[in-house]
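Comments concern the structure below.
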Amino acid sequence: MPPSCCGCLSQYTHHHLVAFLLTFFSYVLLHASRKTFSNVKVSISAQWTPTFTNGSAAAISPGKTWEGNHLFADKEQATLFLGALDTIFLFSYAVGLYFSGVIGDRVNLRYVLCVGLCGSAAVEFVFGTLTEWLKIYNVYLYCGLWVLNGLLQSAVWPCVVAVMGNWFGKAGRGFVFGLWSACASVGNILGAFLASSVLKYGYEYAFLVTSVVQFAGGVVVFFGLLTSPKEVGKDCEEHEPEDPLAEAPLPVTFCQAFCLPGVLPYSLAYACLKLVNYSFFFWLPFYLTNNFGWKEADSDRLSVWYDVGGILGGTIQGLISDLMGKRSPVLALSLALAMASLVGYSHSPNDQVINAALLTTTGFFIGGPSNMISSAISADLGRQDALRGSQKALATVTGIVDGTGSIGAAAGQYLVSLIESKLGWIQVFYFFIAMTAGSIVFITPLLHKEVREMWRERQALRRQL
């Protein structure tokens, strides 16, 4: 029988609570600053394109002034570049994840985490605030800064998952990690709130607020985070006490981690799923504003309901998977229902209440499985029995799963802008449905295996009775 979630809560101390909260809010702040970019796309697009479109534009804006203050001739070109920036960020983020996970298993996790948080905050300040204050508009500068931002941000997720995996054992992991993985959605909500609050003063102030808060969070983490129970003289409840005379286990290599059971199928499934999840993350406010004609601030606030659904989905589905003792059946059912919810949302009427309800439902069935794979399942894979003899694989495995997912998401963001510009938003939603079906296909072997195990367990229980 799977362990009781409530029973394992009594094993936790205030050290567990501090580790939970500090890692949680680390990623909240990171996602809040990341969400800022998606929430101010309309304002950035307006800043990068002409104000005048009539014949008098040349007289009002001389050539040199025009070239210095506008990057693109029309909104369509600006939209494509915004999609390209998302792709650049996610590709650099994906590449960084493959390396940062390996580094996190070999260097103090707190140092790597703080470099990621503080470095990313500084880059976002330069990208969104300093360039606007100095009136520097340059495509190559924006691309270079966003590559660097992706590399720095990639250091955060493998580290926070590894810290959580060190402090929390497998008992109740689905529920604990399901609750904890709401950090991304909470960060999206916070980012949307902060951006909409200061957007009237200019998009540069949205970047300023979130980058300053993120930098301060990195300083707090540096001085307050304990990365493992060993730092307070305890062992994780999941493992037996180690022989003090024995040699420390060596971290696994990247190839060894990639070949662990379950890593490849979950990585490929996450590539398809993260494409859909991050498309909502990057493009939802833009879609709401352009498709329904709602104000940018209203679209930012309405997009929060997708994240609310993701929080509920990750927590409830994680709890159910703990009670079942299996992950893939819960994932497969949720993804099947996600396809239906995408069909429903693609036909949402121009009504904010109905749209919010459909968004919450869609977030529940897409954001929930995404949170499970990136957190609880990654921790399961990084602590599985095949690793006996070397426990330092958690950050590496997390980096592989999330990195592969980010490659899929990176390719998807440019495809979204391309499909939308050529075929319209309805075809974008059909693309999302196809990718969600792809996630189910990749976890089918694991689903078949776990369903057979559940059937054998039920048959054995009947024979005992």
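Just so it is clear, glycine is given a Cβ too, placed from its N, Cα and C backbone atoms.
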Name the residue range among 297-320, 393-416 that TrEMBL annotates as transmembrane segment. 393-416
In the same chain, who gets a Cβ under 8 Å from the transmembrane segment (428-448) while lying at least 6 residues past its ends? 262, 265-266, 268-270, 272-273, 275-276, 279, 328-329, 331-332, 335-336, 338-339, 342-343, 345-346, 366, 369, 408, 412, 415-416, 419-420
Could you tell me the mean pLDDT the prediction assigns to the domain 'Major facilitator superfamily (MFS) profile' (19-451)? 82
Contact between the transmembrane segment (205-226) and the transmembrane segment (393-416) (at least 3 Cβ pairs under 8 Å, separation 6+): no
If you count Cβ pairs under 8 Å, which stretch among 78-99, 139-163, 175-199, 263-284, 393-416 touches the transmembrane segment (12-30) the most? 175-199
Answer key: the stretch among 78-99, 111-133, 175-199, 393-416 with most Cβ pairs under 8 A to the transmembrane segment (139-163) is 78-99
